[in-house]
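K.L.:
Sending over a structure as structure tokens; questions will come in a sec.
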Amino acid sequence: MACKQKGDSGSPSSRFSADWSTYRSLSLFFILVTSVNSVGVMQLVNPIFPGTVICHENKMTVEFPRDLGTKKWHASVVDPFSFELLNCTSILDPEKLTLKAPYETCSRRVLGQHQMAIRLTDNNAASRHKAFMYQISCPVMQTEETHEHAGSTICTKDSMSFTFNIIPGMADENTNPSGGKWMMEVDDAKAQNLTLREALMQGYNFLFDSHRLSVQVSFNATGVTHYMQGNSHLYTVPLKLIHTSPGQKIILTTRVLCMSDPVTCNATHMTLTIPEFPGKLQSVRFENTNFRVSQLHNHGIDKEELNGLRLHFSKSLLKMNSSEKCLLYQFYLASLKLTFAFERDTVSTVVYPECVCEPPVTIVTGDLCTQDGFMDVKVYSHQTKPALNLDTLRVGDSSCQPTFKAPSQGLTLFHIPLNGCGTRLKFKGDTVIYENEIHALWTDLPPSTISRDSEFRMTVKCHYSRDDLLINTNVQSLPPPVASVRPGPLALILQTYPDKSYLRPYGDKEYPVVRYLRQPIYLEVKVLNRADPNIKLVLDDCWATPTMDPASLPQWNIVMDGCEYNLDNYRTTFHPVGSSVTYPTHYQRFDVKTFAFISEAQVLSSLVYFHCTALICNRLSPDSPLCSVTCPVSSRHRRATGSTEEEKMIVSLPGPILLLADSSSLRDGVDSKGHRAAGYVAFKTVVAVAALAGLVAALGLIIYLRKKRTMVLNH
């Protein structure tokens, strides 16, 4: 921040002299009346300094008029008695006609002003006794009485503010019209000049008191530049406030800089993100201590410079505030001052970072409860910031894993049993409430390394009322009488699929399904409308027929006694059922080789119908020999392990399979029969050739004998 004073132009006058006491009296008078005075050692001069004074936070720049050449005049900083200050580290630039002097060694602090005396001496030998002294001053912009962050931008949720310390007596033009006029200039590139009334209409607000001027700037105000990095935003605008009054002009300049929503938190650190912009971080101040950038790592702050700047504050540096909204505590910093080097200026901003604390996600609904005693819950990665790592999720106090994951969709599905995985229950009136928790939390707080994983906790609840079906109950009472057990209805279905992924079966309207001889036929038998995890589907026999009738002939065996039919060269292959279905034991999957329906290079039937018999086994108490059969089954045990016809059920495909053969398929089919078919054809060929040769020989012999007999009779 800087302020600038400019007086009317003029040159020293040599017509008015005074002795030393007169100089002291008049000098004190001008100090109290105006901020710019001038006296001469040998004579008084025009009280208005003929140049411009620019007031900075820690120094003063004096610009001399161009008609005052340095070859004729020499400027130096002196004390009130006109003695040169030896410890003043001022810099005189003879080309630019400027003098720069720091407040600390070249000025005195009087009544809230930095006062400095400048002596101009004529270099002409004939006029060396002529010297003129000007008393100039700048307002104290930062005093010991001001708050900790004086000279910094104060950031709030939707605006930024800056406070100037001004010369006493300056006032708002609306409250004291005769005292002077205020103008504001924004945006260095466009240099828009606004009156205070116009600035109020364009996002600026002003507050005056006797010593300070506060400027509040909304983020969408005219001239504000916006930088963005992810969810973090940075706003900045150069400001210049100009106060013009009779005889003087004061310019207050600063650059306002602020960040919005810069903080993300996890269990180990608070991370402050600063979007990429032309400034460079110089220091960080919190807890009344200032740290240079090179010192941050040694004090628990890690710096990451990639796509902007990120400061990771260890949670050991943060304050904690107990809050009902938070899982543990809410972490925050009372204030944080960041100082940047920005376009040859030093700019500071103050933020008040705190970890946003969201309440845990709680679901209270009966829709989560399933009829078979589970809670089905979906968790999405976008439910936290940063995105939730779904691999870190756990259920309750157990290691129960999700039943389904879709990383591309950011989705995980949990199938939580009501009697396991740490599920708790409680009774409330006529309602029983089941409750569990899905969480992703750190066990140590905080760990020693930086983590970008989010904390997450979701409480899931479901309930059953008195009118609902009670499941998974355990009532200790006298054993009931033995009940009569009768087999209940069993619903099965036989389907075929395009490939071994078994994702979507063919519909009823898609039959007949076309298959070439090179293609296997993928079949599946499954149980319908049963949700008991203790039952198991077991195949008995599977076969193919040329008609819809399962008893029609001929028949081609595919599965015998629950095992592959090993009397055929083209064995059936069983496929395991993975966790993609809820009850894998309710399924049987296998494929059939189409060459099994070829005999001696001819397709036995173009339309083939498939059928299976199956039964349901109790996994806890197998009640049929087929329930524990081990493949392969020896021939002498076949049929002995069978079940009664009442226990088995026949199921057929909804339609036929249409088998088509191309020449290559048929040739491969014939070749795959092996030497048995080839040898048989070769044998038949040899026999036919031998018979034909014998017949030709016999006919030749008969003709020869008849010719010989005819010749004998003629003689």
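Backbone N, Cα and C atoms are what each Cβ position is placed from, and that goes for glycine too.
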K.L.:
Per Swiss-Prot, which of C400, C421, C462, C631 is disulfide-bonded to C563?
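P.N.:
In Swiss-Prot, C563 forms its recorded disulfide with C631.
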K.L.:
So C462 is in a disulfide according to Swiss-Prot. Which of these is its partner: C357, C369, C400, C542?
P.N.:
C369
K.L.:
With C138 as one half of a disulfide in Swiss-Prot, pick the other half from C55, C88, C258.
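P.N.:
Going by Swiss-Prot, C138 is disulfide-bonded to C55.
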K.L.:
Of the listed cysteines C612, C617, which one does Swiss-Prot record as disulfide-linked to C542?
P.N.:
C612
K.L.:
Check the Cα-Cα distances from C421 (disulfide bond) to the recorded positions C88, C106, T459, C563 and tell me which is shortest.
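P.N.:
Spatially nearest to C421 (disulfide bond) by Cα position is T459.
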K.L.:
Measuring Cα to Cα, how many Å separate C400 (disulfide bond) from T459 (O-linked glycosylation site)?
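P.N.:
A Cα-Cα distance of 15 Å.
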K.L.:
Recorded positions C55, N220, N321, C462, C563, C627: which have a Cα within 10 Å of C106 (disulfide bond)?
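P.N.:
Within 10 Å of C106 (disulfide bond): none of them.
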K.L.:
Between C55 (disulfide bond) and C563 (disulfide bond), how many Å separate their Cα atoms?
P.N.:
98
K.L.:
Among the disulfide-bonded residues C88, C138, point out the residue whose Cβ has the most other Cβ atoms within 10 Å, with all shown protein chains included in the count.
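P.N.:
Neighbour-count leader: C138.
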K.L.:
Consider the recorded positions N87, N193, N321, C631 and say which one has the Cα lying nearest the Cα of C462 (disulfide bond).
P.N.:
N321
K.L.:
If we count other C-beta atoms within 10 Å, could you say which of the disulfide-bonded residues C55, C369, C542, C627, C631 has the fewest?
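P.N.:
Each of the disulfide-bonded residues C55, C369, C542, C627, C631 was scored by Cβ atoms within 10 Å; lowest is C631.
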